[in-house]
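Undergrad: The structure under discussion is supplied below as structure tokens; questions concerning it will follow.
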Amino acid sequence: MTNYGLVIDQERCIGCQTCAMTCKQENNVPMGQFWNRVLTVGGEHVDTPSGTYPEDGESGDLDMNYQPTACQHCENAPCVKVCPVNATYTRDDGIVEIDYDKCMGCRYCMAACPYNARVFNWDEPEHRPEDGTGDVAERPQGVVEKCTFCSHRVEDGLDPACVVNCPADARIFGDLDDDDSTVSKYISEYNTEQLLNEKGTDPSTYYVQGKMTPGRPWTSDKLETELGDDEAAQATRRRNGAPTSEHGPTPHVPAETAGGDD
Amino acid sequence: MADADTTARRPVLSSFGTLGRGWLGVLALLLVIGLGAWAYQLQHGLIETGMRNVFSWGLYIMLFVLFVGLSAGGLILSSAPKFFHSQRYEGFARLGVLVSLGCIIVAGLLILPDIGRPDRIYQFVTSPDFRSPMVWDFGIVMLYGALNVWYLWLLTRRDLAARGSRLSLWVSDSAAGRDRDRTLMFWTAVCALPAAVALHSVTGWIFATQVGRGDWFSPLVAPVFIAKALVSGLGLLLVVSILADRFTAFTADRGELTSLGKLLGIFLAFHVVYLLAAERLPHAWAHHFGFWAITSNFLIGDTVYFWLWTGLGGAVPLLLLATPSLRRRTSVIFTASVLAVFGTLFEGIRLVFTGYQRVNINAAPGIATGGEYAGLTTDAWATAGTYTPTAVEIAVTVGVISIGALIVMAGLRYLPLQRAAPDAAYATDGGDRTQ
Ligand code: SF4
Ligand code: SF4
């Protein structure tokens, strides 16, 4: 079976925030909310290290790392277990998703998620431009939302937007159940960590630390498994020609340049 | 009580009077303000509350926890003696169940303003996930509410029938009927005690099952919830009884008041001294070396809520009730009970704070709070949870509580809550069937 996962190479990550921005755009995330955040592990502020400069007898132990953080798509997801109405559920492909028509906004899942990956629409969601961005319909006031691993793209044989747009090739998406996938290989060959491992949530997001990987191996936005598959390529083209849902905003990729191989 | 219906107990308020009507007016006004505030919040969204992405449960849930606890006292106090075929505290039984009912209704209603889409709450029934402690709690709150309604009616229906009240429904008053009711009361008591234990444990497990929220994830939370239900439930029952004794025809037996005060003291000692120590000592012992470091770490509290709970709401009432010369005075019992309820309120507040104040991953810039987007400000991010309730939240909460108070007022006026006259022909209900 398919079990999607993400490898983030912290040694490759340059902290440029592109994944955070592209996520916000692709998923039509309202103003004031983020599904994906690039955290600075180090000093008290963004882009600041911990430790001291090697001057005036100080040790010079400056240290800083970037940790892009979104929903970890936990295998033992507390958010799924607490949702009283089955609005949050795990798909067959391992993606943890929310049915926005079912969610009643009790926010138990926000209490349950140890990663603070979930955000709630406290008021009428606001977008710039007003019609919204990206390929996903906006979520109403009063429901919880979060990263979906861009399931709308994955279903069409495309990698998540954050993966495609990472300029450092630090994000690799794929099937954890397939031993030949890049994610599986990197997890077995490199030193990877799962965030808050001790909580037992078993995230499907792995962070490479120590030795740098060769990064994401393809420059296409297709899933590895889909490359060379004509039918999938056609599906992609068909999809890019029209909005994905009736209420959805217009796609950000104009129809004439569709294909996504840029 | 020399008139015709000597055997039937009567309501303790024969009419509302000026004071009663004034009080009803105040409650109705609070209810209207609360409804208005809720309408406003529905329209504008939960942005009108003090909650945000990091601190995502607030006053509504804190008071839900309090009122679930408060609903324990009456039902337990009236069913526990019946379970043992005892007449003790019989005078408090009916008022107690009435107060329990009011509290569980307040608790249930407090969930409505907390959820973002109350229009979808029916999904609890149509699409439940039985793994969720919230589904368990939904079930047990409903069950407990129904049990309170049934029990209150069972306790009063023969007297209602004797007085010709329509509230007795189809039941009529007869000696045989009263005997049968006593059996029913015993069996209701048999169900009520485990239901109360389940209610408080399950409410505790809503928090105690969460790995992601610091101190919530503790097996002690459920027993602590039981202890705090005993403390606050009995505290509230004493407060209401003393007030009813003062302002209505209800009479609270002095001796029983004192003994209930003593019982409250025991509950307080168990909750605030023993369970707190049991919760903290192992951690303090494991994390510190010197004797004083260990002691101070497990004795010294963290937040102001902690002190309001353990000091003002714990140690002070405990001292008052532990002193024999003091606890004989009704005013002292009243003060201690008010403080005990007050302390439990702050324990609930503290519990929610311990879960949300600290976040597990607090690297900069933190979490987007999701508040109103106000341009180029930096307060859109937070690395720790902060919370202050807004006027809207307070107004809604007070409105919901006023519903509970109105229910109790209606009960005082229309239900036969009066103590049984000692020489009444049918004695008191709920006793030993063989007597
Ligand atoms: S990271 Fe949080 S929201 Fe995502 S699956 Fe895990 S618990 Fe759920
Ligand atoms: S807020 Fe929505 S998704 Fe989260 S637990 Fe409640 S109903 Fe489920």
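Each residue, glycine too, has its Cβ placed from N, Cα and C.
The transmembrane segment annotation in TrEMBL covers B:21-40, B:60-80, B:92-113, B:133-156, B:184-208, B:220-245, B:257-277, B:289-320, B:332-353, B:394-415.
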Undergrad: Are the transmembrane segment (B:60-80) and the transmembrane segment (B:184-208) near each other by the rule of at least 3 C-beta pairs under 8 angstroms (pairs 6 or more apart)?
TA: yes
Undergrad: Please work out which recorded stretch in B:21-40, B:60-80, B:332-353, B:394-415 has the most C-beta pairs separated by under 8 angstroms from the transmembrane segment (B:92-113)?
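TA: Highest pair count goes to B:60-80.
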Undergrad: At a C-beta cut-off of under 8 Å, are there same-chain residues at least 6 beyond the transmembrane segment (B:394-415) that contact it? List them, or none.
TA: 11-13, 15-16, 20, 23-24, 27-28, 30-38, 41, 59-60, 63, 67, 94-95, 98-99, 101-103, 105-106, 109-110, 113, 152, 156, 160, 165, 167, 240, 244, 248, 250
Undergrad: Before we move on, state whether the transmembrane segment (B:220-245) and the transmembrane segment (B:21-40) share at least 3 Cβ pairs under 8 Å, counting only pairs 6 or more apart in sequence.
TA: no
Undergrad: Taking pairs 6 or more apart in sequence, does the count of Cβ pairs under 8 Å between the transmembrane segment (B:332-353) and the transmembrane segment (B:60-80) hit 3 or more?
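TA: Contact criterion met.
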Undergrad: Which sequence positions outside the transmembrane segment (B:21-40), separated from its termini by at least 6 residues, show Cβ-Cβ distances below 8 Å to it?
TA: 48, 112-113, 391-392, 395-403, 405-406, 409
